[in-house]
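Asks: Can you keep this structure in mind? I'll have questions shortly.
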């Protein structure tokens, strides 16, 4: 079921990204409810991949198939916890953003 949900969400959001639109996936819930696992998943087995790796696969496969087009890919991975915001792709993931 997780793969089906990810595939459906991924197709809707990430197909529009390859057409020039911005997209956001926002995971919200209690601590320990599975937000990180839903977003990241695990590499093996591949059926347990999360939304992020599936999105990157879809986006970059679409880019490879595109002809006569240029793409600029930007990604953010932010954590909001107790009203503190952290950039999880930044050099210092412990540093709070303002």
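Cβ from N, Cα, C; glycine included.
TrEMBL does not curate its annotations; it predicts them automatically.
The ATP binding site feature in TrEMBL is assigned to 29, 30, 31, 32, 33, 34, 35, 36. Per TrEMBL, domain 'Kinesin motor' is recorded for 1-98.
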Asks: For residue 30 (ATP binding site), list the number of other Cβ atoms lying within 10 Å of its Cβ atom.
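Replies: Taking all protein chains shown, residue 30 (ATP binding site) has 7 Cβ neighbours within 10 Å.
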Asks: Quick one: which residues besides 29, 30, 31, 32, 33, 34, 35, 36 have a Cβ within 8 Å of the ATP site's Cβ centroid, in sequence order?
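Replies: Near the ATP site, beyond 29, 30, 31, 32, 33, 34, 35, 36, sit 27.
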Asks: Count the residues of the domain 'Kinesin motor' (1-98) that DSSP assigns to helix (H, G, I), to strand (E, B) and to coil, and report the three numbers in that order.
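Replies: Result for the domain 'Kinesin motor' (1-98), in helix, strand, coil order: 40 helix, 12 strand, 46 coil.
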Asks: What same-chain residues, at least 6 away in sequence, bring their CB to under 8 Å of the CB of residue 35 (ATP binding site)?
Replies: 27, 28, 29
Asks: Fewest neighbouring Cβ atoms within 10 Å: which of the binding-site residues 31, 33, 36?
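Replies: Across 31, 33, 36, these binding-site residues, the one with fewest Cβ atoms within 10 Å is 31.
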Asks: Give the mean pLDDT for the domain 'Kinesin motor' (1-98) on the 0 to 100 scale.
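Replies: PLDDT averaged over the stretch: 84.
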